[in-house]
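Features as listed in TrEMBL:
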- 311-427: domain '1,3-beta-glucan synthase component FKS1-like' (DOMAIN)
- 470-487: transmembrane segment (TRANSMEM)
- 507-529: transmembrane segment (TRANSMEM)
- 541-560: transmembrane segment (TRANSMEM)
- 586-610: transmembrane segment (TRANSMEM)
- 646-667: transmembrane segment (TRANSMEM)
- 1475-1496: transmembrane segment (TRANSMEM)
- 1639-1661: transmembrane segment (TRANSMEM)
- 1745-1765: transmembrane segment (TRANSMEM)
- 1785-1803: transmembrane segment (TRANSMEM)
- 1809-1829: transmembrane segment (TRANSMEM)
- 1850-1870: transmembrane segment (TRANSMEM)
Amino acid sequence: MATSRGDAGRRLSGTHTSGEVLDSEVVPSSLASIASILRVANDVEQERPRVAYLCRFYAFEKAHRLDPTSSGRGVRQFKTALLQRLEKDNASSLAQRVKRSDAKEIQYYYQQYYEKYVKALDKIDQSDRAKLAKAYQTAGVLFEVLCAVNKTEEVAPEIIALGEDVKEKKDIYAPYNILPLDAAGASQAIMQLPEIKAAVDALRNIRGLPFPAALEHQPNKSAEVDILDWLQQMFGFQKDSVANQREHLILVLGNSHVRNSQKSESTSSKLDDRALNEVFLKLFKNYKDWCKFLGRKSSLVLPEVPQEAQQRKLLYMGLFLLIWGEAANLRFMPECLCYIYHNMALELHGMLAGNVSFVTGEYIKPAYGGDEESFLRKVVTPIYDIIEKEARNNKNGTAPHSAWRNYDDLNEYFWYFGCFRLGWPMRADADFFLFIWQGTSGKRLSRRLNKTGFVEIRSFWHIFRSFDRMWTFFILALQVMIIISWSGTGSPSDIVRGDTLKQVSSIFITAAVLRFLQGVLDVIFSYKAYHSMRFTSTLRLFIKLVVSAAWVVVLSVLYVHTWESPRGLIGIIRRWLGHRWKNPSLYIAAVIVYVLPNVIGAFFFIFPAIRRWIENSNWRIIRFLLWWSQPRLYVGRGMHEGQFTLFKYTFFWVLLICSKLAFSYYVQINPLVKPTKNIMNTRNITYTWHEFFPNAKKNIGAVISVWVPVLLIYFMDTQLWYSVYSTLFGGISGAFRRLGEIRTLGMLRSRFQSLPETFNRNLVPKDRQSQLMLSLIQASVEQEAFAKFAQLWNEVITSFREEDLISNKDMDLMLVPYSASNMNVKQWPPFLLASKIPVAIQMAEHAKKKDGLQLSDDYMRSAVTECYSAFKLVLNTLIAPHTREKTVIDEVFDEVDKSINENTLRLNFKMSALRALNDKFVTLIEHLLNPSPESRHSVSVLLQDMYEVVSKDMIVEDLWEEIEERIANKENKTAVPVDPANRQIDLFDIKTIRYPPPDTPAWVEQIKRLHLLLTVKETAMDVPTNLEARRRLTFFTNSLFMKMPEAPPVRNMLSFSVLTPYYAEEIVFTKEQLHEENEDGVSILFYLQKIFPDEWDNFLERIDCESESDIGHNEQHTLELRKWASFRGQTLSRTVRGMMYYRRALELQAFLDMASSQEILEGYKVVANSSEEAKRSQRSLWAQLQAIADMKFTYVATCQSYGVQKRSSDTRATDILNLMIKHPSLRVAYIDEVEQREKDKIKKVYYSVLVKAVNKLDQEIYRIKLPGPVKLGEGKPENQNHAIIFTRGEALQTIDMNQDNYLEEAFKMRNLLSEFRKNHGVRPPTILGVREHIFTGSVSSLAWFMSNQETSFVTIGQRVLANPLKVRFHYGHPDVFDRLFHITRGGISKASRVINLSEDIFAGFNSTLRQGNVTHHEYIQVGKGRDVGLNQISLFEAKVANGNGEQTLSRDVYRLGHRFDFFRMMSCYFTTVGFYYSTLLVVFTVYVFLYGRLYLAVSGMEKSLMQSADLNNDIPLQAALASQSLVQLGALMALPMVMELGLERGFRSAFSDFIVMQLQLAPVFFTFSLGTKTHYYGRTILHGGAKYRGTGRFFVVRHEKFAENYRLYSRSHFTKGLELLMLLIVYNVYGSSAKGTVAYLIVTFSMWFLVATWLFAPFLFNPSGFEWQKIVEDWEDWNKWINSKGGLGVSATKSWESWWEEEQEYLNHTGIEGRILEIILALRFFLYQYGLVYQLHVTGGSKSITIYGLSWLVIVAVLTVLKIVSMGRKRFSGDFQLMFRLLKALLFIGFLSIIVVLFVVVGLTVGDIFASILAFMPTGWALLLIFMASRPVIVKLGFWDSIRALARTYEFVMGLVLFAPVAVLAWFPFVSEFQTRLLFNQAFSRGLQISRILAGRKGKKSNQDKSTH
């Protein structure tokens, strides 16, 4: 059933632009087989309406048979609409019927169609294969309809014969992807390539294969059967999957063959063994390692006979690819595939050994049988089902990770030998498949979790657990520094003192304690994995825990006994143990034994090669020794780098650590010791509150308050030092890589002469360069080399024009002549030579005769030489040969040449007349530019005038007489009588002029160029004027001087694919979208016209329109307009255009490789612009270029919803089809959801489908059935995974759909791919990192900040990560993967739900753990779009922070932290999750500092300590807070940003940009981003809730509502900002050190800045945020929102209640630990009340605990009143409104009465009221948080509505506090203007009048309205 559906579907899918319900492309999935009939009806309707009607009628009948009850989705509506169409068309089509009956009508038309299309096309040799295939398919459908119509009439025998012929040949023209492997495709150019022939022949070697009996009796089919067909029959693979992998394997082998064969043009038909071995070894490297790891013998058994060995290898490779191709979601589990392959390969070996069943006499089949789709049903589906069940248990990503098995858990089951208990055939009762654990009674007891090896538990302890060595080092270093500072003079030399050294030796006890802590964490965190862990692994965990505990005891006891009379803690322990013995040597011996493993590890660290060998060894003794140091895992072994690489990153970290520790000691630790001692020695503290421990010694609370902020910064500031050193190392590395050598047009001009040579050195293959030496017969080596450079340069400039970056004039100024010129002159682009001729003429006029003519530079010399040669060429072309005129000009030119050679030009010629000659010649050139027969006389006159100027005004008289004499002598020799009187008058007569000249492209090009050289008088220094064109041009030329691999010939380069995931984003903007105006009257088109004014003008020039009004009346122009706008947004069309530049570049490069010298000199355009008939010839050069490009490049867009979009008539489907039509080599993969009827039930079946465009419709190529829905994990990686089987080649570039590419960069792709074969350390590269250019930086200041931030990361950041640190991973989508490496190791991303939210970086983790190597290359770039509005940027930052939070919990980070050496582990930490943890520490430091100061202030300790400890002069604390401020204000971003900008644009420009960024409030942006990162990172680790956040990729200049900003930033910024504001206010009021001191302002400035930023940045960066009208509208919207009630179906944007419930959703999914932690964190707010109630005047100075107790009565009273009001509103507000009002009045009066009494009786003051607000508001918020965390209990108690009312009050107050300052500022008009200038200043500098955008068309509208009235 599935096979027939696939064959039918291959002719049905497509997209039509009509959008009608009856369109052949909107057929319900259950009726898919009728779509081909409807498509034929559409095709023939214009020609024969009645036949179209009969086709539709037959389709209706067939639809009714397929689904008689119309139960399928959309079937009833479709059938109804089809019936209505039939009723409508019946009469009209019947009137147009030619024959008497329908039967005769269709028979007659069928005969006509066969003769006109099928037979006619078949006779033509060069027929279009696509048209012929369509003709046969249409004829087949017509014959099917004919047979249905002719049920009562007999069909003519000749028609039946035609039908049989069509049926037989229809299968010959099967749809294909790249290789037409059917009989009709043998003549195609790609099939004629020797490498393809060799691979095909090798696959068709089926000699000796035991075919089933069914196939053995079909000898006529044997010629077409190959190895994969045999595997299909044996193992039951799908037909289309086999066809897909057949093409895949042929292309991989063919590409490898052409590289490995001795000659690239080899004609050998035998597949090269080296090619086969190369692919074989790469494909099975992971499988062999897996077998070796598990101690099993590989199933790859090879015979000794070489020919049989080749066949066997192909069988093994084919089997693996077929398994992989149908594995679906199992592709994320590479070792699971290894297990499947291992068993099937064993079966394959058994079948090849000739095993026969004794019962049936048949060859033994595989365990699962070889029937249709048996592999999918019996092997893939059972494993898929368990994945799907586990995925359901994650509850849409809300369940804890420990509650379900993800892809990694299921895959790691196959890392242990026990996986073979699964058996083959796989046992259904195996533990792998057991989803429910059942007891002996058969009752369900509990779920069997079966986590494998690692459990992801939400806890910040993962930071310590994963990077315990780093934290141990920093803690021990801190301990040493404190000991040295505390015990002596503070000098580091004190460490050699006996007592100090003895104290320092206690660090080993600390190390033992930390190791014990690590053991405890391992035991606790691995609890839920014990069942699946091996006994030895579990035993190891507990033994390590016991041993670490023992070491703590032993070292502590022995250390105590090293002291004579210790004090403090040591003394206590000593007294407890007794005083009987003292032996320091025992402690020393114990320490030596304890550190011995570390010493051995250090030895292996120095010699990484030994370490690699040990970790990869399978020797039992080594495995036993390694068992203790680290668990035996399949991944993470042998990751150590080479000796030199080790030295580089060790040197980096040694420098950094020394700097950091020196700073920490001298600035943070040592200066803090003395104040600490003073604090500890202070007595008689006067407390101002009730102190529970008044007699506590040492003032520990104050010490903690002082030390904790410093310690937090101590652990954080390594991130700051990393930023400094990475900037330095990155800058030095970038300089050595020659970045920024060409960064301006001036630099480009100065080095342009060396560009052709550099181009040929880097971009021309060496073998082609050697062939140039043989081309001296036709052209010089230099000329051909320059011609090749010209081809590439001109294509780049042409692409600039196509993209509207430059105008026609700019293009003409920048082009080099395409075609071979008759002048032996190197012709530079005119923009280099502009104004040179006018200047040279001026110099010649003013030069003295004796000085000679000295040209100022090489370009002027080149321009003069070229113009002189062109002058001669023009005259020689215009003047007929064998005429007196020809003789005259020859003599004159000979004399000029002679004078030049003899340096007598100025003596023989008068230069004063040169300008007159130039003017005449320019006029002549203008006639040649626009030739017409009417100008013939004018040209003759011009020539005569020029002759007059030369003969009479230029040449000296004596010389002219000599010339005339020579002319006369020549005329006498030719015996042509000339009347002397008419000798001069008759010259240049019309008869002797050849005008108009021959109109060839080369001639026109030459004349245009000459006109530019002569007439352009400006210097053209600013050509190109477009900034983007300049940037691209300078980067491209600069990159050619950078180090890159040599370019191989295109035939020899690695083949590659590009994969772009797409869901439902914009493809091409519609006309309506472009003109739709927002609330400010701004449309997308208007916006783009102002952002890109020069590009808009260039676009109008290109389509030959004067203004926008000229476009609307032309459909083609409208389409061009839509494309123009789309190419400036983040759309799929922009991405596709950019990626298809790869193919365009390959075609040109293949031309330069394959063309002859003469063809190269003639130019690539001659081939590209040849006729369609010539291109269709398979032997033409064009066809060969296409074949090579097809072999080397594939582009697949994974538009997963394309099928749904087609059926719903979504315009996106039409846009996707148009992209395929525009780019025929583009392929679209999508997931098709089809309804199939099985036993009266509709069942959904899923397919992976690949389509391409044929005849302006999409044609299905492959349809591969899936075991179920694809999306079980994260959407994007699942989408990539389903389509990766359709990619080809050895490399794969992943490209997101907001990216772009450039033609000039595409030319360097083959250089980049050659990096896979270069030496990059001990391992070849597996991921090639590529830099990005952020193209959205010019939109606004925010976009500029984001662009600079991203640019610094993808350049200098990743440069340092790759070298020297060797920890670059995969961060985005320009990177290029070693495709064969990754498809055998889990793919190009991970897809487990939530934990792999940042799916990209996990590909880098996985590659590194599996001994991959990630490099970074900066000579090539890819465009990238980023978010441009604050809300968009915040959502993006939130998504990344969520992803990093999940990474912190992941097994990948844990294993990297433990398997890397120490310094590489440090690099990994600070460049991944450590960055986000450091930002968290920065914010946490602010909290700790302020809460510590609040404690000191309100407790009274600060006042007492001010006199003795001098807290104001706390240098370490100030240094710590300064470090915090640097991070807060963006120093981590700014340092690398300035360095990279300095490298690439010059340091003066970089510092200028940096200053402008500060003026545009970049620190505000970075500080605000800090809050976003901190909030989402922390919440993710504590509670989860990480999810993909769609940021939108639209243009953002609109005003965001206040309510929208509040919703987005309330919890992440506003609540935290208000809390910090309250802390600062309280400290300012009650702190002793805060009053009147400059130190307070200095210390707290960054905190005030933080508060202001977090509270008001969203409004500052909100367009029109301070416009009064907007403020009024925002307030109304806010009130409406916050007062709206929620409920089912009410979105969060409509109601505060719905939003509030949504904000608490994370608490519904967090565990009991998360709720408890939330409650604990909320307790901090009680400190306000406890401290401030004792500061009230009303207390009379009492410090009794009763005061605090009474304050709670106030809280209870307020809550009671709120409850009364809430109950009253419910009970009385409806029916007893008056009673409810009386109740509220009584409560109000009572409240006023109490206040008055307190004022009069107790002495309450106004200050007390404000203090009470500061005290009780935080308490209420704390209670609110506690109640929310305890929601289940509160709901049961019935208080939830009251809690909601309290929350609404708090939210309203917070909103009011935020809104009031904004509203006040909005009163002043200049604030709004300042804000606009601030936001869009960057755009102003580029000529953007943003005020016109924001005012927009409102002014225009109002004017129009006035005019109408």
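Including glycine, each Cβ sits where the backbone N, Cα and C put it.
Stretch with the most C-beta contacts under 8 angstroms to the transmembrane segment (470-487), considering only 646-667, 1475-1496, 1850-1870: 646-667. Cβ atoms under 8 Å from those of the transmembrane segment (1809-1829) belong to residues 1619, 1622, 1625-1626, 1704, 1707, 1715-1716, 1718-1719, 1721-1726, 1728-1729, 1731-1733, 1735-1736, 1751, 1754-1755, 1758-1759, 1839, 1843, 1846-1847, 1850 of the same chain, restricted to positions at least 6 beyond its ends. When Cβ-Cβ distances below 8 Å are used as the criterion, the transmembrane segment (586-610) is approached by residues 505, 508, 511-512, 551, 554-555, 558-559, 561-562, 629, 640-643, 646, 1322, 1461-1462 of the same chain, each at least six residues removed from its ends. For the transmembrane segment (646-667), same-chain residues at least 6 beyond its ends with a Cβ under 8 Å from one of its own Cβ atoms are 477-478, 481, 484-485, 492, 605, 608, 640, 714, 717-718, 721-722, 725, 729, 1363-1366, 1461, 1463-1464, 1466-1467, 1515-1516, 1519. Taking pairs at least six residues apart, the transmembrane segment (1850-1870) and the transmembrane segment (507-529) share fewer than three Cβ pairs below 8 Å and do not count as touching.
Mean model confidence for the domain '1,3-beta-glucan synthase component FKS1-like' (311-427) is a pLDDT of 88. Note on the transmembrane segment (1639-1661): residues 1342, 1430-1431, 1486, 1489-1490, 1512-1513, 1517-1518, 1521, 1524-1525, 1528-1529, 1561, 1563-1565, 1567-1568, 1571, 1600, 1602, 1605, 1608-1609, 1613-1614, 1616-1618, 1620-1621, 1624, 1627-1628, 1631, 1633, 1858, 1861-1862, 1875, 1878-1879 of its chain, located 6 or more positions outside it, place their CB under 8 angstroms from a CB of the stretch.
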